[in-house]
Amino acid sequence: MQNINPTQTFAWNALEQHKAENLTIPQLFNEDPKRFDKYSLRFEDQILVDFSKNAINQHTLALLRQLADECQVKSATYAMFNGEKINRTENRAVLHTALRNRSNTPVEVDGKNVMLEVNAVLAKMKGFCERVISGVSKGYTGKAITDVVNIGIGGSDLGPYMVTEALRPYKNHLTMHFVSNVDGTHIAETLAKINPETTLFLVASKTFTTQETMTNALSARQWLLDTAKDESAVAKHFVALSTNAKEVAKFGIDTENMFEFWDWVGGRYSLWSAIGLSIALSIGFEHFEQLLDGAHAMDKHFLNAPAEQNIPLTLALIGIWNNNFLGAESEAILPYDQYLHRFAAYFQQGNMESNGKYVGRDGKFVNYQTGPIIWGEPGTNGQHAFYQLIHQGTKLIPCDFIAPAQTHNPIGDHHPKLLSNFFAQTEALAFGKSKEVVEQEFLQAGTSLEEVVEIVPFKVFTGNKPTNSILVQKITPFTLGALIAMYEHKIFVQGVIFNIYSFDQWGVELGKQLANRILPELENNETITSHDSSTNGLINQFKLWKQ
């Protein structure tokens, strides 16, 4: 990957000039009644992406695609898919795409076809899932497994939890639990719900040394042994998603039940790997494979579709337009599907940990905005919480609205009511309500304007708020896999254009280092003076109150 400062490209400077045209969404629709047809794309006739409600025209898109060309997005894409070590700061390839490479075409890293190992781990996962789900695998008292607890953090938790929640309509009889926080409350509340005789723990840590994960795993291990009274029970109730065979065996786990993944799998892209074992146990391996199929189909689309029809590329470029030229600082992801209630949180990590960087690939501080803040909640809950600010606040917040045409729970008229809100919100954000319309509504209600002249400004909506509408035929393992991969590739494209390394996360390290230094200070009764006055004061008050 080349070091290309995007602000030095012809396209970037042309976009700066183009911004002065002050395009507005209502104006663009007035000029082109068939705008929807020209500014929407379809994937496999199962996903429709409508980006027409953005302040863009064909000239905007042409310049944005030229920016992608000047920043060599296509060659960077080939480099990633081909196993080149594009994660330069860690000297690693980036191959989450290989994990779902259903075509099974060879992918080489250091002259070795990684697909052989990928397929071997998938086969091992399949056999394990079949034994647990069928009841062949039993706990230390001979009872079948009923509950599965995934112990991980970050990508080892967010992805599996999001997907198992999103695909709950496909779940089997196993009850899934997820523990991530080192706060003892999280593991304690989970253990209170389950039976040690029928619980399986998945410990997800590549190194098997992650502080939060191993703290929780050791507490779970002790909880099991308090009942079982026999160390051999650990091997029947714990498996490892790890590469550290020595530590796994030391813990008491049979290394035959250690599921490997590789250093070219980033945590926030790892749900496709052995880290997804909890997903496969929850929905069955056949459905897990369909999840991989959907992601692979989107991978092929991203790799092969021309720029004009390329969904991840288009979404990435529109995001850059809103972020770097129109001044948006955040993006909201708003799924109108309760099963997707963790989707925004998942891509909060996916985007902000990937592109929240201020150092370019040239090692210098950038002088432009990089990744946006990502946030969101399911509709319609958000409408009664933060939509007020999106509609009438002073910040520009582009939104992605996601909804299924078909619901898994067709109860009464719930779904039409939900979708009516989905459609209404993007229309309201785009077109707003003028002063004249507000006044006319008062007149039609029999109220004179003299009575309400002071109220009218508060009921005006300026509109011109950008949104993407992503309509899915139905949330299935296939369409969910495609949606996740779509956002992954959007993030990748933006990172290439931002000229940053999207696949490291050095920003998480400093806090961990300082926490390791502070921990011993919390275990004695001495007054602490080794930090700044604020940190000293907080630690000393904690020590006083914990007595």
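Using the three backbone atoms N, Cα and C, a Cβ is placed for every residue, glycine included.
In the three-state DSSP assignment, the secondary structure recorded for GLU353 (active site, proton donor) is helix. Within 10 Å of the C-beta of GLU353 (active site, proton donor) we count 22 further C-beta atoms, all protein chains included. Sequence annotations record features per position, and here Swiss-Prot assigns active site, proton donor to GLU353 based on sequence analysis.
Residues or ranges marked as active site by Swiss-Prot: HIS384 (among others). Cβ contacts within 10 Å of HIS384 (active site), excluding its own Cβ and spanning all protein chains shown: 9. HIS384 (active site) falls within a helical segment according to DSSP.
According to Swiss-Prot, the feature active site maps to LYS512 (among others), an assignment based on sequence analysis. LYS512 (active site) is surrounded by 12 other CB atoms, counting those within 10 A of its CB over all protein chains shown.
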As a whole number of Å, the Cα atom of HIS384 (active site) is distant from the Cα atom of GLU353 (active site, proton donor) by 29
Once DSSP output is merged into helix, strand and coil, LYS512 (active site) belongs to helix
